[in-house]
């Protein structure tokens, strides 16, 4: 606006319209004079909300959005009303009110990390999302759900498609916009990483910093290398060293997520090894029983194994929660995002 010779309040009007009122086109910007709107258009300025290509609704109220960008690429964003099954990293259930919800956000189209238990890995990495595209997902979902962030408690989890720390700069810009412009504080955001050690260090230095969750999923290097090939580059020793040096805030705990695969990483011995890994850390653990998907050769663990695993960690003094699956019937649960149009499990 300054380059166009406009007063400062025009920038505030634009900011308010984009991020708070979620205006989807310049023609709808009635707070701006028509000549200014035309000047913005002629200079190439445009608003491009992601297009809601498909919407799938689960029996539990979860909605999986397939959102398309201007280049034709699409990602999934998940809306979880009335609680998130522990997605915020504390295992708690939100109150029975539509005024509380969680949005699971993608940071890339596809993913390069190649976790063997995750359907997104089958896509490979197609491209990074810009900061605007990351924020645009959230604005599109809030607009579609007709939610006012000033009247509702909205949590964000960067746990959709992609590894946020492999698109770090755009992720950080998006977080800043979400906190300062959209009005969702970083205390209501959680980002999950597969263990990009240098970026964990960088993340700890940010002034505006969401909560951190580390996707662990194995209790030793041998198992983790097979399940998460990124371990070949950053071993558990390096990952846990970064976790121990991470500057936690007062009363903050680092979350470790652990996807339990039947007969693979769900034994009592695995649980005891996790206890040793986390010893001395101010940590909590979210256990996730694997959510099935086609072309993925694993099985969901026996519920008794999940509970036994949890009890060993609790007995060791580690707060441990079993995350309830949300949207499993529409392929919206953890590890199921692959831009599929399937809505029921075979």
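Yeah, the Cβs are placed from backbone N, Cα and C, and that goes for glycine too.
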### Query
If Swiss-Prot gives 162, 163, 215, 216, 217, 291 as binding S-adenosyl-L-methionine, which of 192, 241, 267 does it give for that site as well?
192
### Task
Among 76, 111, 115, 118, these being the recorded positions, pick the one whose CA is nearest to that of residue 291 (S-adenosyl-L-methionine binding site).
118
## Note on the structure
Around the Cβ of residue 162 (S-adenosyl-L-methionine binding site), other Cβ atoms within 10 Å, all chains included, total 29
## Note on the structure
One should report the C-alpha separation between residue 334 (active site, S-methylcysteine intermediate) and residue 115 ([4Fe-4S] cluster binding site), rounded to whole angstrom, as 12
### Query
Quick one: what's DSSP say for residue 104 (disulfide bond), helix, strand or coil?
strand
### Task
In whole Å, note down how far the CA of residue 115 ([4Fe-4S] cluster binding site) lies from the CA of residue 217 (S-adenosyl-L-methionine binding site).
10
### Shortest C-alpha distance to residue 163 (S-adenosyl-L-methionine binding site) - which of the recorded positions 76, 111, 115, 118
111
### Task
Enumerate the residues of the same chain, 111, 115, 118 excluded, that satisfy the criterion Cβ within 8 A of the mean position of the Cβ atoms of the recorded [4Fe-4S] cluster site; list them in sequence order.
113, 114, 117, 119, 120, 121, 194, 335
